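Asks: This is the feature table in Swiss-Prot:
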ACT_SITE  LYS65  active site, proton donor
BINDING   ASP14, LYS36, 63-72, THR123, ARG184, GLN193, 213-214  substrate binding site
Amino acid sequence: MPFEKSKKILIALDYDDQQAALDFVKQLSPDSCRLKVGKEMFTYFGPAFVKELIDLGFDVFLDLKFHDIPNTVAKAVTAAAKMGVWMVNVHASGGFEMMSKAKQALAPFGDKAPLLIAVTVLTSMDETELKRLGVEKTPQEQVIYLAKLAKEAGLDGVVCSAQEAQQLKAELGAGFKLVTPGIRPVGSDAGDQKRIMTPKQAIDAGSDYLVIGRPITQADNPVAVLADVNKSIE
């Protein structure tokens with residue numbers, strides 16, 4: 001169904017000017033995409049900005065990648081749920097107990113609870129960078145390992161590159177959501193993402209949600225680019 005397909009795009013808002021962000025967002029329809037707010041914007045503008053986006057009708061992915069002791073992370077995801085966000089994430093490398101307690105903290109919110117997603121391996125990390133951290137696995141092996149841990153802890157899915165999506169779907173099941181950054185529409189610059197695919201390639205590989213930032217936010221006609229992306233994955 002095209003509507004469901006169109007809601008697979010999560011636009012990464014990376015602005016240091018709140019009005020510029022709102023001017024951009026107001027060009028979009030909540031039926032055509034969801035929005036991702038990360039550390040930069042949240043640090044600048046805080047929960048009030050997130051609530052404003054929600055009031056405009058958008059589902060918001062609060063991308064703060066919580067990573068702390070279990071009690072602190074549980075309180076943080078509770079605060080995110082009270083804010084009304086659609087999705088929130090934590091670092092899988094925080095461990096099983098941290099992830100499990102975060103999921104338990106969302107239980108009282110019932111069907112209003114945000115999806116809880118784990119970050120596995122950042123898309124800017126390659127094998128060389130992992131080795132510098134003392135991890136001897138390849139990026140793909142580490143993603144699979146951490147994704148299995150996240151599922152065991154009860155999480156709803158993971159952030160992963162499209163290259164891992166097919167294997168993750170096969171091993172962890174269709175209901176385990178895969179959120180994929182590093183997506184570049186055909187003809188876009190790769191930027192600082194080392195593991196990239198086009199939207200259609202990522203969906204075909206098994207990704208459920210695609211994070212796209214600069215190729216849309218910095219486009220001359222962002223609405224047209226978004227429409228093209230949505231059409232490409234119908």
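If you go along the chain as it appears here, the first residue is 1 and each next one adds 1.
Including glycine, each Cβ sits where the backbone N, Cα and C put it.
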Asks: For THR123 (substrate binding site) and LYS65 (active site, proton donor), what Cα-Cα distance in Å is obtained after rounding to a whole number?
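Replies: Rounded to the nearest whole number, the Cα-Cα distance is 14 Å.
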Asks: Between LYS65 (active site, proton donor) and GLY213 (substrate binding site), find the distance joining the two CA atoms and give it rounded to the nearest Å.
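Replies: LYS65 (active site, proton donor) to GLY213 (substrate binding site), Cα-Cα distance: 17 Å.
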Asks: Is it possible to get the count of other C-beta atoms within 10 angstroms of the C-beta of LEU64 (substrate binding site)?
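Replies: Result for LEU64 (substrate binding site): 17 neighbouring Cβ atoms inside 10 Å.
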Asks: For HIS67 (substrate binding site), which residues of its chain lie six or more apart in sequence with Cβ-Cβ distance below 8 Å?
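Replies: Expected: VAL73, VAL90, HIS91, SER93, GLY94, MET98.
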Asks: For PRO70 (substrate binding site), just give me the three-state DSSP call.
Replies: helix
Asks: Work out the three-state DSSP category of THR123 (substrate binding site).
Replies: coil
Asks: Helix, strand or coil for LYS65 (active site, proton donor)? Use DSSP.
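Replies: DSSP call for LYS65 (active site, proton donor): strand.
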Asks: Sequence gap of 6 or more, Cβ distance under 8 Å: name the residues on the same chain that satisfy this around PRO70 (substrate binding site), in order along the sequence.
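Replies: Within the chain, PRO70 (substrate binding site) has Cβ neighbours under 8 Å at GLY94, GLY95, GLU97, MET98, SER100, LYS101, ALA102.
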